[in-house]
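K.L.:
First, the structure itself, so that you have it in front of you.
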Amino acid sequence: MKLNSSFISEVTNTTKDSFYFILTGIPGFEASHIWISIPFCCLYTISIMGNIAILTVIRTEPSLHQPMYLFLSMLALTDLGLTLTTLPTVMPLLWFNARAIGFEACFTQIFFIHTCSFMESSVLLAMSFDRYVAICRPLHYVTILTSQVIGRIGLAIICRCVLAVLPSLFLLKRLPFCRSRLLSHSYCLHQDMIRLVCGDIRFNSWYGFALVLLIIVMDPLLIMLSYAMILKSVLGVASMVERLRALNNCLSHILAVLVLYVPMVGLSMTHRFAKHASPLVHVTMANIYLLAPPVMNPIIYSVKTKQIRQGIIHLLSQRNVHLR
């Protein structure tokens, strides 16, 4: 990976007091950053416009003020937050070669990236509970998932993820950074910054391992458990048409789960078993992990959910009328 050595030297020598880190773009393709920015710009635009459209449709359509769509609005807000967290460093780096990021700004970005990622997993878990109640206990659906309960679930998700991420940041911030300030991505990640520490990181590693077990492992297991119970309930239904209808109601959520966890597992496997692979592999996997859910979720729910699709079409038709 070739970087401008004079730039690194200049940043390192002139910012010792303010402490800057140096971001990395696409390794080996630094000269083509302006062209690479085009697909990135398209993906960010799709993510922002798609999630805003879903939020607008759910807010303006009274018929969508139901538990399933309220959880979907939480997912759209989380995806929007994740997109807006990485965009301020990714696009300036690709457009203007802006590599430097301040110490506090880097920690702020770490907080929002990891909080939003954990929230994505937590919201998908809540949505699996919603599907379980809707299919396995349909007569109690309205009484179980009231607006108050949904509000408490949303608050619990925020508290869970914030309280999970903050200790890791405090533990990281107290450690000395005496190695290279060169980061491996175009945004700040905890696992990337921990490499630059020259102190004892055993406690940080154990806390990170506990966090992985608590969220990254437990959430998918609980989602799988909910779908096992859903499948058991569906197989007890006599009619094949009713079985297919029940499973079709879960399809959007299943696709959203795959879009999040497949890149997550791929990234983890790359870090674990391909440490000496090309930096391009690690950067590509990280970009897929952070960009795939915010881009794909609006597309999945727009295509597979009739009410959302009709709402977006109605929204666009109204806009065309106003433009005329």
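Backbone N, Cα and C define each Cβ position, glycine as well.
Feature annotation from TrEMBL assigns transmembrane segment to 34-58, 70-95, 107-129, 149-172, 206-230, 251-274, 280-300. For 50-301, the entry in TrEMBL reads domain 'G-protein coupled receptors family 1 profile'.
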K.L.:
Six or more residues beyond either end and a Cβ under 8 Å away: which residues meet both conditions relative to the transmembrane segment (206-230)?
P.N.:
118, 121-122, 124-125, 128-129, 131-132, 135-136, 161, 164, 167-168, 171, 190-191, 246, 250, 254, 257, 261, 264, 268
K.L.:
Given a Cβ distance threshold of under 8 angstroms, which distant residues of the chain, six or more beyond its ends, lie next to the transmembrane segment (107-129)?
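P.N.:
Same-chain contacts beyond the flanks: 68, 71-72, 74-75, 78-79, 81-82, 85-86, 89, 101, 153, 157-158, 160-162, 164-166, 168-169, 172-173, 187-190, 193, 215-216, 219-220, 222-223, 226-227, 253, 256-257, 260, 290, 293.
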K.L.:
Same-chain Cβ contacts of the transmembrane segment (70-95) under 8 Å, 6 or more residues past its ends?
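P.N.:
Sequence-distant neighbours of the transmembrane segment (70-95): 23, 25, 33-34, 36-37, 40-41, 44, 47-48, 51-52, 54-55, 58-59, 101, 109, 112-113, 116-117, 119-120, 123-124, 126-127, 130, 147, 150, 154, 157, 186-188, 256, 290-291, 293-294, 297-298, 301, 305, 308.
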K.L.:
Given a Cβ distance threshold of under 8 angstroms, which distant residues of the chain, six or more beyond its ends, lie next to the transmembrane segment (149-172)?
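P.N.:
Answer is 67, 70-71, 74, 107, 110-111, 114-115, 118-119, 122-123, 126, 190, 193-194, 197, 203-204, 207-208, 211, 214-215.
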K.L.:
Within the domain 'G-protein coupled receptors family 1 profile' (50-301) only, compute the mean pLDDT.
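P.N.:
Summarising the domain 'G-protein coupled receptors family 1 profile' (50-301) by its mean pLDDT gives 92.
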